[in-house]
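Asker: Structure below; questions to follow.
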Amino acid sequence: MRLVWFRRDLRSFDNTALTAALNSGDPVAAMYIATPEQWHQHHLAPIQADLIWRRLAELQQELAALNVPLFYQQVADFQAAAVAVSQLAKTLNATQVLANRDYELDEQQRDQLAQQLLSEQGIIWSAFDDKCVLPPGSVRTKQGEFFKVFTPFKRAWLTLFQPPVIGKNRPVALWNVPSALAELVWHPEQAFDYPRIDSTPWAADFETVRAQLRDFCRERVQDYHQARDFPAREGTSSLSPYLAIGVLSARQCVARLYHESSMGELSEGAQVWLSELIWREFYQHLVAIEPNLSKSRDFVEWGARLEWWNDNEKFQLWCEGKTGYPIVDAAMRQLNQTGWMHNRLRMIVASFLTKDLHIDWRWGERYFMSRLIDGDYAANNGGWQWCASTGCDGQPYFRIFNPVSQGEKFDPNGDFIRRWVPELRSVSSAYIHQPWTYPAVNSVLYPARLVDHKQEREVTLRLYKTAKG
């Protein structure tokens, strides 16, 4: 008997651990363990919890077609999860537990405990690199060191990369679940002891998600480099939630991208999308090799000396989308209402929080994780530290997004703003990015500016220069 432990890899197709178990020729069982207390500590978004719950029902059906039952337990935290998986493995008389690696520190420690408990029972623990196309540690400098800058990492990644070939799984022999374990089999009536927000606008079944990937790579990726920065357009893939919980693998995305390309030659848009996938790999690799990133520490040494003002009232207004800067407010309201935010907008609001309001990037990082359906620790941490200029290969500290010019450039007619900030629907495009200049501003029920961007830019330059010494 082989037991596969699912975590953030909720798919039966192109799942390294599952494929290894199926290829063993032995009966296979699967397990998912919910850890609500740990999720609270990690600020898991209720909308992502709901997507995970819905996905489990789909995964159970996919596994049933392979004659693999899905067991489910809810325990408090990662330590209890390690105990639970070792107990189930013992009960099943499993000879091996297989799982795909998570790279964050808490997750690594969970797996170390599981390995220890299983070893004491004579059960083999096998962990696989499945989250990335190229596993952490495989992309190094000529001196054998890890890359700390993205561009040379990308060049090395492309040199090592070969378009993946993805095969199909074959069912294993059917086996009957012991009656003593019947109550542990997943059924849709089960629910997490954790808040959930409806995620049904996002598909949970693999075929719909796979079709979305196919259609994007076939029909829209060619314009990705031009369309991706405009939030009013459908210019992005919207696949990030499925990468975050593992409905899709990065390999599947890259394989489909090349499959739909002409003679294996990527268009400019396809190259830019591939570059974004490599950014994702870069941040995953960093988290795997830099434990301090999992402790919410600045990547750069001088980041610890940065002075943050951390005004609670201003932070709350930022969270609610009431800063008086329309593109910032539209973005935050999109996040709060849908659980998703366009990538260009993530950079704008992160820059505004850290460099206009002088609020610690960790506050924004946690808030994003608590709201995003595509919350992924490595990507979220990497993005926030990039914007705050404290991260690995972060933007220069003197690069400070102007929320007015960003809105004018990427939402020139104000279509996105009008969608999410109804107070400004009657304001013409000439004034919508700076409503404080609107002649009839007193008739508009929209917040005044929290701060003056020009003044706060000078403050930021001073604070960062002081921290850098």
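Every residue gets a Cβ built from N, Cα and C, even glycine.
According to Swiss-Prot, the domain 'Photolyase/cryptochrome alpha/beta' annotation covers 1-133. Swiss-Prot lists Glu107 with the feature (6R)-5,10-methylene-5,6,7,8-tetrahydrofolate binding site.
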Asker: What's the number of neighbouring CB atoms sitting within 10 A of the CB on Glu107 ((6R)-5,10-methylene-5,6,7,8-tetrahydrofolate binding site)?
Answerer: 19
Asker: Take the domain 'Photolyase/cryptochrome alpha/beta' (1-133) and average the pLDDT across it for me.
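Answerer: Over the domain 'Photolyase/cryptochrome alpha/beta' (1-133), the predicted model scores a mean pLDDT of 98.
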Asker: From the DSSP assignment alone, can you count helix, strand and coil residues within the domain 'Photolyase/cryptochrome alpha/beta' (1-133)?
Answerer: 62 helix, 27 strand, 44 coil
